[in-house]
Amino acid sequence: MVRVRFAPSPTGPLHIGGARSALFNWLFARRYGGKFIVRIEDTDLERSSRQSEENILAALRWLGLDWDEGVDAGGPCEPYRQTERLHLYRHYAEILLQSGAAYRCYCTEEELAAEREALMEKGETPRYLGRCRDLTPQERARLEAEGRKAAVRFRVPRDRVIQVKDLVRGDVSFECNGMGDFIIMKSDGIPTYNFAVVVDDHTMAISHVIRAEEHLPNTPRQILLYQALGWDTPEFAHVSLILGKDRSKMSKRHGATAVEQYREKGYLPEAVVNFLALLGWSPGGENEVLSIEELKQQFSLEKVSKSPAVFDLDKLNWLNGYYIRQSSLERVAELAVPFLEKAGYIRAPLSPEEFERVKMMVASVRKYLNCMEEVIDHVKIYFTDNFNNLDEDAREVMAGQQVPAVLAALKDKVASGGKLTGAAARAALKEVGKELGVKGQQIFMPVRVAVSGNTHGPDLDQIMAILGKDEVVKRLSRWV
């Protein structure tokens, strides 16, 4: 059975790269009827926090990536936090010590730093040279008598080449001689990443390890550990790095890096998932708008590219705008409410009448939205009538010779009429145009500027209907 995992370290929010890895694992499990497991790698005791863990899990839920086993879900391989599995790592470290595949190392940080510096001065790759590799029992006893605490190092075999058969990158070779014996258990009894991940992936029966390319150099060490413990290795698939549009490593200057930042800006989860899926994977063909169901049916590692993926914020904005326009008006209006409240335009909870007005506003502007945060600026015209700083185009429109007459006639027409609906607004504009012998831009543009302060925006009849009779009369009166 396919069993894959996403194993974040709870040292901060869920970043775009981690979310992409989680999504690829989730899609792979769903495509092949497997299990998706969420494991928390919290052995960095100083930087890990339960709050970060909760934030990561919340981000996964928001994206719709449900897990079959793991934290908050339980399962046959509990526990799913590394700090609750320390007994397992110590058990398997002892097995490696007993077999001679590992040994205790008493070197101090100062000794190791001096060794690294000496190698670098010679132009060699820093690595452990094996000072404690073949200590006699007497030498170990002497070092322990000095009060030195021992770490556990894996004994890397000499003159061997490790072949990694990667489902994305093909065959990759690593020379053991340049590796150096590496620590698997620190002197405080905490496992290192490479050791803990091997024990966890084996005991959780992980079949495929799908992760970022930056983990590829760790893979030969992990394969050596699998072999030393007599375990089968899982399949490996290392997906490409994510770069900015300038082809440099993705950073904050290319856009927000944490998933929760996109949620806070009002991106829709289905748009973010669609976008993430296309970072290094392609379904083939020209269609790039794919639902969750379509992604589950089409995803495969064969179509994951070796080349770096490019994070294109413009593409995400386009996708998100598409999903905003495809969503129900009710949903988009509900998404808009927190932003309008934040701007001070409304105060929740809304009455049914107030929510209907929000729906009308959102309907008038959603074709312009790339993310819901932008609704604040686009509906501003409905909440402010401070048009003192008109742009040059608007001032030019209002300098027209017939503008005062047009606005005065429309003000009287609206004031004497009934409720100002969209249809009533269109009728009033048509009648004024006919009476004064003006049409098209000659009437629509000055009215638009008078009621909204802009020469562009939502349909004029929508603006007038949303503002309502009294507000339209008030705004027109300022120009008469």
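FYI, residue positions are counted from 1 along the chain as it appears here.
Each residue, glycine too, has its Cβ placed from N, Cα and C.
For reference, Swiss-Prot has these:
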BINDING   Cys105, Cys107, Cys132, Asp134  Zn(2+) binding site
BINDING   Lys252  ATP binding site
MOTIF     8-18  motif ''HIGH' region'
MOTIF     249-253  motif ''KMSKS' region'
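What Swiss-Prot annotates, mapped onto the structure for a quick look.
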residue: Cys105; record: Zn(2+) binding site; Cβ neighbours (10 Å): 22
residue: Cys107; record: Zn(2+) binding site; Cβ neighbours (10 Å): 21
residue: Cys132; record: Zn(2+) binding site; Cβ neighbours (10 Å): 20
residue: Asp134; record: Zn(2+) binding site; Cβ neighbours (10 Å): 9
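The secondary structure of Cys105 (Zn(2+) binding site), as reduced to three states from DSSP, is extended strand. Sequence-distant contacts of the motif ''HIGH' region' (8-18) (same chain, at least 6 residues past either end, Cβ-Cβ under 8 Å): 38, 40-42, 44, 47-50, 52-53, 55-56, 59-60, 212, 241-242, 250, 257-261, 276, 279, 311. Residue counts for the motif ''HIGH' region' (8-18) under DSSP (helix as H, G, I; strand as E, B; rest coil) come to 3 helix, 1 strand, 7 coil. Taking DSSP states H, G and I as helix and E and B as strand, the motif ''KMSKS' region' (249-253) has 2 helix, 1 strand, 2 coil. In this structure, Cys132 (Zn(2+) binding site) belongs to neither helix nor strand by DSSP; it is coil.
Per-residue confidence over the motif ''KMSKS' region' (249-253) averages 75 (mean pLDDT, predicted model). What surrounds the Zn(2+) site, by Cβ distance within 8 Å of the Cβ centroid and not counting Cys105, Cys107, Cys132, Asp134, is the set Tyr103, Arg104, Tyr106, Gly130, Arg131, Arg133, Leu135, Arg153, Asp181 from the same chain.
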